[in-house]
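Pulled from Swiss-Prot:
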type     : residues                                         : note
DOMAIN   : 4-289                                            : domain 'Protein kinase'
BINDING  : V10, G11, E12, G13, S14, Y15, G16, M17, V18, K33 : ATP binding site
MOTIF    : 45-51                                            : motif '[NKR]KIAxRE'
ACT_SITE : D126                                             : active site, proton acceptor
REGION   : 365-392                                          : region 'Disordered'
Amino acid sequence: MEKYENLGLVGEGSYGMVMKCRNKDSGRIVAIKKFLESDDDKMVKKIAMREIKLLKQLRHENLVNLLEVCKKKKRWYLVFEFVDHTILDDLKLFPNGLDYQVVQKYLFQIINGIGFCHSHNIIHRDIKPENILVSQSGVVKLCDFGFARTLAAPGEVYTDYVATRWYRAPELLVGDVKYGKAVDIWAIGCLVIEMLMGQPLFPGESDIDQLHHIMTCLGNLIPRHQELFYKNPVFAGVRLPEIKDIEAEPLESRYPKLPEVVISLAKKCLHIDPDKRPLCADLLHHDFFQMDGFAERFSQELQLKIEKDARNNSLPKKFQIRKKEKDDALGEERKTLVVQDTNADPKTKDSKVLKVKGSKIDVEKTEKGTRASNGSCLHDNGTSHKGLSSTSLRDCSNVTIDHPRNPGTAIPPLTHNLSAVAPGINAAMGTIPGVQNYRVDEKTKKYCNPFVKPSQPSPSGIYNMNVSASVSNCPLPRKSKHSPPLDLAVSMGARRVKLYLETESET
C-alpha cells in the first residue's frame, strides 16, 4: 500500500473505512476500503472475503470496478475506482425529488446493474441511495457488495438480517430465510418513489413499525409471512394489525401527482408477494422506459458516457498532474484586468476580460445586448471603430471565467486624453504621465500603425508602442462634456496644420 498517497477520509462504517488515495506511479485517484483487523473478527473476515470473491467475478459498467486487493498487518485493503458522488448526495441537494428524466436515467442503469448480478445468481441485498455511485459523466455504479451473496442451493438458507430497514422486503422483516432476487426488486420500488419525491417511502423506526408502514400502503402480508411472523421470537407477544381495504392508503392516493406509469412500475416492484415481483429484464421493458423511445436513445448516450469515463481513468500521470494543477489554479485568486467601454449604453455595453497568469494573457469577450457602434477602438477582427472611448480598469481576481477558445485582441481602447496613460498590467492604479506601452500580438500590430511610433526592438511577437500626442491620423470622438482636453488638443493641432500649410504655400 506504500504506492498510494492518502488524500483523506471518504466515510466509515461498522466494518472499516473508505479513503481517497492517489497512486504515486500513475497519478490515478482511487478509493481504498480498509477493513478492520479481519483475523480478530470472524464477521469482518466473512464480509471482506465475500466482497472480494464476488467483485472478482463481476465486471459491468454499472458496478464499481475492483482494481486491486492486498492484505497488510491482518487488514484487507480493496482498491476501487474513485467515484465521490452518490444518489443520496443528489437527494440532499434536491429534497423535493430529482428531475423525472434524471430518475429515468439513474433507474435504467440501476436495474441494468442488478440484472447483471442476478444473471450470475448473485443478489446484492443492500440496495439503497448511499450504495449507488454516480460518476461525473452520469454513469451509475452499484457498490458495497459486503452483504451480497450467491443464490442458495435447494435446501440452503440465508442469514435474515440484511439490507437497511427502509428498503427491506417483507420476507426479510418477518425472518424468512428462503428469499431470492425479489428482495432487490423490492428495493428498486422503494427507490423509484424516493428519487421522485425526495423522501423515503417506508421510513420505519423498527421492524414492526416498518411492517406497519408497508401494510398500511400495500395491504396484509401473505399467509406464509404471517405464519413466520408469529413464529419469530423477535415479535413474541406482538400481533400484526389487520388492514381493511377502507383503511389502506395505496400509492396512487398517497402520491396523486405522480404519473400513472410511475405508480404502475412501483406497484410491480412492491408486490407484497415476492413470487409475483417481476425480473429486471421485465422492468426494462416497462412503459416507464419504453415510452418515447427512451431506452433505445439512452442506451446510445450511455455508451458515450462510459467511453468518456474510461478515457478519464486511463490518463497518463503527467496529464493527470497537469490537469490537477489547472483545477487547483482555477480555485485560487487570479489577477484580471477588465477593459470596458464605460460611455456606452448599459444595454449595449461590450467588455473584454483579460486573465493574467505569468506571461500569458487570455482575453474573453463578454457581450450584453447588441454591440455599441462607438464602443472600443478595435473590433474583434481588428477593424477600427469611428470613435475612441475611455478605459476603465479594475481588479477582478474573484471573478470566475472560463478559458476562451479564440483569444481576441490584447490591446485596450485608447483614452480620450492621448497624453495620459492608463495603468499598466503590473502597475498600480492611477495615471502616469509620459509614454504608454501596450503589448500587442502579431495580429494587432498592423492596425495600430496610425497611432504609434516603434521604439526599441522587443522580443519576437511582442511590441512596445509609444503613443504620441499627434492626432493627424486618429479618428475623432464625438464631442462630450467629459473630454475638453481632447477638443482643445484637436483645435490646437488643426491651427498648427493650417499655419504650416499657409507657410508652405507662401514659400
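Every residue, even glycine, has its Cβ placed from backbone N, Cα and C.
All features noted in Swiss-Prot, drawn onto the structure.
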| residue | record | Cβ neighbours (10 Å) |
| --- | --- | --- |
| V10 | ATP binding site | 15 |
| E12 | ATP binding site | 11 |
| S14 | ATP binding site | 9 |
| G16 | ATP binding site | 23 |
| V18 | ATP binding site | 19 |
| D126 | active site, proton acceptor | 22 |
Based on DSSP, tally up the residues of the motif '[NKR]KIAxRE' (45-51) by helix, strand and coil.
7 helix, 0 strand, 0 coil
State the three-class DSSP label for D126 (active site, proton acceptor), counting H, G and I as helix, E and B as strand, and everything else as coil.
coil
If you measure G16 (ATP binding site) to D126 (active site, proton acceptor) at Cα, how many Å is it?
17
Rounded to the nearest Å, what's the C-alpha distance separating E12 (ATP binding site) and D126 (active site, proton acceptor)? Just drop the number here, would you?
16
Within the same chain, and leaving aside V10, G11, E12, G13, S14, Y15, G16, M17, V18, K33, name every residue whose CB is within 8 angstroms of the centroid of the CB atoms belonging to the recorded ATP site, in sequence order.
K34
Whole-Å Cα distance, V10 (ATP binding site) to the residue listed as 'active site, proton acceptor', is 19
Between V18 (ATP binding site) and the residue listed as 'active site, proton acceptor', find the distance joining the two CA atoms and give it rounded to the nearest Å.
17
If you average the pLDDT over the domain 'Protein kinase' (4-289), what number do you get?
91
